[in-house]
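Participant: Okay, handing you the structure first.
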Amino acid sequence: MLNARFLVPRLLCLQGRTTSYSTAAALPNPIPNPEIRYNQLFINNEWHDAVSKKTFPTVNPTTGEVIGHVAEGDRADVDLAVRAAREAFRLGSPWRRMDASERGRLLNRLADLVERDRVYLASLETLDNGKPFQESYVLDLDEVIKVYRYLAGWADKWHGKTIPMDGEHFCFTRHEPVGVCGQIIPWNFPLVMQGWKLAPALATGNTVVMKVAEQTPLSALYLASLIKEAGFPPGVVNIITGYGPTAGAAIAQHMDVDKVAFTGSTEVGHLIQKAAGDSNLKRVTLELGGKSPSIVLADADMDHAVDQCHEALFFNMGQCCCAGSRTFVEESIYHEFLERTVEKAKKRKVGNPFELDTQQGPQVDKEQFEKILGYIRLGQKEGAKLLCGGERFGERGFFIKPTVFGNVQDDMRIAREEIFGPVQPLFKFKKIEEVIQRANNTRYGLAAAVFTRDLDKALYFSQALQAGTVWVNTYNIVTCHTPFGGFKESGNGRELGEDGLKAYTEVKTVTIKVSEKNS
């Protein structure tokens, strides 16, 4: 049932994105209390309790109340899942003998099922994660559907080539699947991150053991049921719920896992890289933290820059690895920009994420909530000027008022460390070379943005900024068509786009002796 009061254009403008929805389309009503249908481990296309029989609670961040309990997988369960994935990857198995085009058909079928259950999945995501329903439905689910369809199209187009070589030989290359892929996904975009990991792995013929975030397991488990319904053979996809130090570590350390892909904090990324090296030198893809700069030059469109820098930070409650968490503004426009930024932050609607006009929901859990408030206190202690927000919103749940700091110095911890919350620090700069040096003076390098009307300056910044993605006069434009990943301690490897397929295949060279070679 559609609610015609709340139209899509505001949300599309929020991210500068276009979706398959007409701007005249109304949002459907959410399901405020979606039924929890799955809470067990998904191994070999079957549902299982944890070997230990342990469970853990998943909490509604809007209220702080327990939604339900989910199986707590650990090393023993990971072993079972890896065994199932290895059997599914066995030479001559149904999955290995399946045509690449058929793998693409299965991924398209999965996209169809996600589209069919879009309202339910978006509602489940909002319940477990706390993000506004309109963002779950319009942005996240749109990206999920597109990533499965996009990678489905690549399934029979990612291939080797013939190579002319000297002598009486014929040579060609094969792009072969890596094998059993361990995947560990975060809680900030559960379904999106699941799609980013699963789609390229399956398109290229791998099998998967995925550990989902303990804060947000529900939507990933429901999607597991759709994987079975779509027709993927047993063992191709296995979903484990559990904690990072147990289930996640077991995947990273496992001697029969050929590759691990992780999205999360830089600190955990270091541990996973080390575990991979200490075990079987499994291939590693890491998409980690960020402290991304948004740079506003004096010639920028002021209204547009204020809007974009606001959403660059506050989108998804600030819980975004590529959030624009350092806003540098040229000195001549700094005070006007600051005033407009504070005004916009004060107007941001915080509240129940199931209400269709809500712009900001709660932080994902109590730990994250308290960590962010701690950084706000630290910023004040270090001498930054608190201009708005800085405290909890409401009496229950994990809500924080949109917070803006001025007078922030580069050596402050709120300027150097990833806060991962609705806290926007503003900085002043005078010269282009100065701001480039300051923007790059971080251990991170995930993303950056520049706002200017001068094309020469925009191109210069795009070359000078040390980041995997540079946006010009926009922010947070991430789609399945383009590679995404970081420089420095923001990770290694790329996800999405054609480049993202490389991480899931090995290139094999086959050379054949021939009796006579002709051109």
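Glycine residues also receive a Cβ, built from the backbone N, Cα and C atoms like all the rest.
What Swiss-Prot records for K54, K366, K385, K401, K428 is N6-succinyllysine, and it gives similarity to another entry as the kind of evidence. What Swiss-Prot lists as site 'Transition state stabilizer' is N188, and the listing cites similarity to another entry. Among the features that Swiss-Prot reports, NAD(+) binding site is placed at G264, S265, T266, E267, V268, G269. Among the features that Swiss-Prot reports, active site, nucleophile is placed at C321, with the record citing sequence analysis.
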Participant: Using a 10 Å cut-off on CB atoms, tell me which of the modified residues K54, K401, K428 is the least crowded.
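Facilitator: Comparing Cβ neighbours within 10 Å for the modified residues K54, K401, K428, K54 has the fewest.
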Participant: When the Cα of K54 (N6-succinyllysine) is compared with the Cα of each of the recorded positions G264, E267, G269, K366, K428, which one is closest?
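Facilitator: Closest recorded candidate to K54 (N6-succinyllysine) by Cα: K366.
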Participant: Name them in sequence order: residues not among G264, S265, T266, E267, V268, G269 whose Cβ is within 8 Å of the mean position of the Cβ atoms defining the NAD(+) site.
Facilitator: F262, H270, L271, I272, L288, G289
Participant: So for T266 (NAD(+) binding site), how many other CB atoms are inside 10 Å of its CB?
Facilitator: 20
Participant: Look up K385 (N6-succinyllysine) in the DSSP assignment and report helix, strand or coil.
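Facilitator: It is in a strand.
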Participant: Look up S265 (NAD(+) binding site) in the DSSP assignment and report helix, strand or coil.
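Facilitator: The residue in question, S265 (NAD(+) binding site), is coil (DSSP, three-state).
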Participant: Just the number: how many Å between the Cα atoms of E267 (NAD(+) binding site) and the residue listed as 'active site, nucleophile'?
Facilitator: 13
Participant: Just to verify: the residue among N188, S265 with the fewest other Cβ atoms within 10 Å, which of the recorded positions is it?
Facilitator: S265
Participant: As a test of the contact definition, list every same-chain residue at least 6 positions from G264 (NAD(+) binding site) whose Cβ is closer than 8 Å to its Cβ.
Facilitator: I184, P186, L288
Participant: Cβ atoms within 10 Å, counted per site: which of V268, G269, C321, K385 has the most, among these recorded positions?
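Facilitator: Highest number of other Cβ atoms within 10 Å: C321.
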Participant: Would you mind reading off the Cα separation of V268 (NAD(+) binding site) from K385 (N6-succinyllysine), to the nearest angstrom?
Facilitator: 32
Participant: Taking only the Cα atoms, work out how far K366 (N6-succinyllysine) lies from N188 (site 'Transition state stabilizer'), in Å, as a whole number.
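Facilitator: Roughly 14 Å, rounded to the nearest whole number.
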